[in-house]
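Presented below is the structure to which this report refers.
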Amino acid sequence: MKAYQRQFIEFALEKEVLKFGEFTLKSGRKSPYFFNAGLFNTGRDLARLGRFYAEALVEAGIEYDLLFGPAYKGIPIATTTAVALAEHHDVDTPYCFNRKEAKDHGEGGNLVGSALEGRVMLVDDVITAGTAIRESMEIIQANGADLAGVLVAIDRQERGKGELSAIQEVERDFGCQVVSIISLGDLVTYLEEQGGNPEQLGAVKAYRAEYGI
Ligand code: OMP
């Protein structure tokens, strides 16, 4: 695990973005941990969050033309990543996002920002079963753009529809790379290193044994 990944876990714990307990996921699975990116909820948090996303993206070395942040949670994330790329990596990247409701007046349409074209880097919070990513793919494909990759904060490393992880399925189905700042494996390593609450660690490992890859 890299230093920035450890720092990211600490940041998420400090902000209670990463919590332990009993949570029902969108997929219906009952998880002993949850990552709520909406709790990165101040200006400083967002600035810091963008630096982590930008670092993971630059390190992955994937070529792309624009960042796309799907509504709603992807919007501030793509925006702050674009700012961090400009301020900390001297990369000025176009970005855009969608509205959930199409507008029929003013500029119209349901996309805001740069044109959704070329190689798109999809930026979002979490991939569990991959449903949210597939919805975004429909928007990208409908605009004739290509998916260059997906960038998320945490890869929960859970099975998708079959035996592969949801992320492996996305990589296979869309021929792209998925990059995450941290994975469940990193979180388990961190919890082990800290030697904290053994019940928490046990619950996370049991969940991984049931739904993980
Ligand atoms: P999938 O669409 O199943 O990949 O789940 C991704 C979505 O689940 C995210 O965009 C969140 O809305 C939500 N989610 C979290 O935010 N954090 C988690 O730790 C787990 C989930 C989830 O419900 O799976």
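These residue numbers are counts, starting from 1, taken along the chain as shown.
Here the Cβ of each residue, glycine as well, is placed from N, Cα and C on the backbone.
Orotate is bound by PHE34, PHE35, ARG156 in TrEMBL, and the record lists one more residue there from THR79, THR128, THR189, which is THR128. For ASP125 (5-phospho-alpha-D-ribose 1-diphosphate binding site), the count of additional Cβ atoms within 10 Å of its Cβ stands at 21 [all protein chains shown]. Note on proximity: among PHE34, PHE35, ARG156, the binding-site residues of the record, the Cα nearest ILE127 (5-phospho-alpha-D-ribose 1-diphosphate binding site) is that of ARG156.
In this structure, the C-alpha atom of THR131 (5-phospho-alpha-D-ribose 1-diphosphate binding site) lies 17 angstrom from that of PHE34 (orotate binding site). For the domain 'Phosphoribosyltransferase' (47-161), residue counts in helix, strand and coil come to 42 helix, 37 strand, 36 coil, using DSSP.
Remark: of the binding-site residues ILE127, ALA129, the most isolated position is ALA129 (fewest other Cβ atoms within 10 Å of its Cβ).
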